[in-house]
Every structure is written in C-alpha cells, then in structure tokens.
Amino acid sequence: MTEFIPLGTLYHALPSPFQMKRGGVLHQAHVAYETWGALAADRSNAVLIVTGLSPNAHAAANQANPEPGWWEAMVGPGKPIDTARWFVVCVNSLGSCKGSTGPASVNPATGALYRLTFPDLSIEDVADAAADVVRALGIAQLACLIGNSMGGMTALALLLRHPGIARSHINISGSAQALPFSIAIRSLQREAIRLDPHWNGGHYDDTRYPESGMRMARKLGVITYRSALEWDGRFGRVRLDSEQSEDDPFGLEFQVESYLEGHARRFVRFFDPNCYLYLSRSMDWFDLAEYVDDKPAADMGIDSPGADALPAAKSETGVSTASTVLAGLARIRIARALAIGANTDILFPVQQQEQIADGLRAGDADARFIGLDSPQGHDAFLVDFARFGPAVRDFLQGC
C-alpha cells in the first residue's frame, strides 16, 4: 500500500481525538492541502475547493510545485478562479491516499497500516476535516466554497454542519444524495476490487496487488464519467490496427476498448484500493434528507439558527423523498449559490444540480442553476473549460 503525495503538499493536524459521524475516532490524523494567491489582511478573500474521489490537493501549479494540476485551466492568475484576487485553498479528502490520513496511513496506536481497521468514513467526516483546515488558517468565513463531484456532496455537508462558514457556494456536478444508479455502479466497482484474490481482505502489497480488480473498477468508472454521445463522436466503431489488436479471440478489438484499457492501467497503481473502497462507500451513504426529522438540529451536530423551524418531510416509511432532500437543502443558510451540471451526466444527473439550486433557494439563498450542453458527461467540469469556465468566472465576479 502506498500514499501518493505531490511535492509541496502542506499538512494540518486535526484535533485528536477526531470524532467521526458513524462512531469511529481518529488519533493524530492530518489533512493535506495546498494554497494559491495571498490572503487579504481582513481574510475576506478565501476560496475553498473540495474535490472528487480521486484528485489530490494539487489543483494547479504554484510556487511549491510548478507541475500542472488537475484543474490547471480553472485556477490561477486571470483564470476563472483568479488567484490574483482570491486566496485559494484545495483540501485533499480525509480517507484519501494523497496526503490526508486514510486506510493507507499508519495507525499510530499499532504502528501498522490501518487497512480495513480504518473507521467507517462519511462525507460528513470529510467536510468536518476541511472545515478544521479553514479555521486553522484563521478564516472566519470563506468568500466562496466550491465543490465538484463528490466534493459537491462534501460542500453541502460542510455548509449544513458549519453554518456561516461561507458567503457563497458553487456546486459543480454534485448532489445532495446518492441515487440508486450511482450506488449500483459504485457497488460493482467495490465488488470488482474485493473479488480480486490479491485484495486479500485488504492485506495486499506492491508485489501482490489487486490490479485486475482496480482495472475493472476504473473502467466501470470511466464509462459513467463520460457520455454515449462522446463515445460515439470520439470512437464510433473504429477498430484497432492489426498490429494493435490482440491475438486473443476475445481481446481488444475496438478503439474504445483500447482507450478504457489504457486509462485503467494508468490509474491502478496511483490510487490505493482500500482508500477507493472507503471513499466510494462514503458517497453511497450521503443523504441530506437524514437531517430532516423530529430531532432538533443541535442533536445532529448542527448549530444552525432557524434550522428547526423547517418542517419534517420524511415519508411514512422513513425513506427519503424529493421533498425530504429539498427540506434538507433548505436548512443550509448561504447568501448566493450556483449549481452547474452537464446535461449528458449519467452519474450525477443534471436534475440533481437543479434540485440543489431549488433547495438552497427555499432556504432564502439567491441560487441559480445552469445546465450546460456539454457532450462529456460527468467529467465535463475537468475538460470542458470553454463551458464551465465562464459560468464560474461570472459568479465569482459578483462575490
């Protein structure tokens, strides 16, 4: 098991013990982060980015690490998230293998890797850890909180559990709860990893590594990150050249198969399998409707003035419904918000971003929804900067 930590990573020590939502406790845990730009004297220009499942904190090149980051086109001087104006912080998720404490880290109590002894991880834990970084930097209130994909979930949890932490919010291809389709896909990804004999109940190493399981999990993910429209336009039914195709009668034959294989092989050794399992499951568990019931907000760890005045909206069976999710979102207090998505996203359908805007608006936010006609599905925010960039830039100019 390996941690994959970029050059220039900064660390924040979490409170010890760090209490987790599902009952676990971490001791001597830390969170990795990076920064760009300069913090204003009154600390009013801070922007926090919380990420999807796999990215590290290196969103863009900076003085400590000049290598391009995973959101290079979006973060930097003169870019949509303009570091000439904003002090930008990007936090690596708790539970990851990119610098923050997770299953691939050493348990200080035993001196051995956590592996599957790592406590149950929730999106709320990821949010609480990120909030602690903000407080440690002396930032009373963020100018804007930006979350994409899983980070959209993290951002909503952060806003709900830490009222007043941000003046505005951009939610990009995020959701207020995991839908059955995305849960089903992630369950298959986890099953592929766990069925690999080299996974060995989480006890693998570099020589006996669940490469086949990770490769299959990544292929399933990539299929859902893009859209059928893009697959058709990019690959069609084009076959590999004879020298590229395999002798195996059921081997790679089409270009799209080769693309998936190459993408998967590049990923499998750069993300820890156990971390993948934990973060994946945390997304399935997330549901803002949990915060709408007969309990006072204080009993749920929420210090939100007026949150208890909102009506309960659980169905008679206790199963969350669209109205419960909206009621959960309406408990969030934020001045301005923007929810953006791609109309071709099948993993976090654009209706979920529209729901976020509707729910935040019900909580008196000036909230706007934008559905973009990008062919690139869920991953559009990582590649379709011509569409996503202007929307983010325009919103931040009003902050």
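If you go along the chain as it appears here, the first residue is 1 and each next one adds 1.
Every residue gets a Cβ built from N, Cα and C, even glycine.
What Swiss-Prot records for this protein:
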type     : residues       : note
ACT_SITE : Ser149         : active site, nucleophile
ACT_SITE : Asp345         : active site
ACT_SITE : His378         : active site
BINDING  : Arg218, Asp379 : substrate binding site
DOMAIN   : 45-384         : domain 'AB hydrolase-1'
REGION   : 52-55          : region 'Important for substrate specificity'
SITE     : Arg186         : site 'Important for acyl-CoA specificity'
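Annotated features taken from Swiss-Prot, shown on the structure.
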residue	record	contacts (Cβ under 8 Å, 6+ apart)
Ser149	active site, nucleophile	Thr51, Gly52, Leu53, Ile172, Ser173, Gly174, Phe348, His378, Phe381
Arg186	site 'Important for acyl-CoA specificity'	Ala178, Ser280, Arg281, Met283, Asp284
Arg218	substrate binding site	His263, Ala264, Phe267, Val268
Asp345	active site	Ser173, Ser227, Gly377, His378, Ala380
Asp379	substrate binding site	Tyr225, Arg226
Count of other CB atoms lying within 10 Å of the CB belonging to His378 (active site): 25
Helix, strand or coil at Asp345 (active site) [DSSP, three-state]: coil
Taken over the domain 'AB hydrolase-1' (45-384), the model's mean pLDDT: 92
Structural state census, the region 'Important for substrate specificity' (52-55) (DSSP three-state): 0 helix, 0 strand, 4 coil
For Ser149 (active site, nucleophile): DSSP state (helix, strand, coil): coil
For Arg186 (site 'Important for acyl-CoA specificity'), the three-state class that DSSP assigns: helix
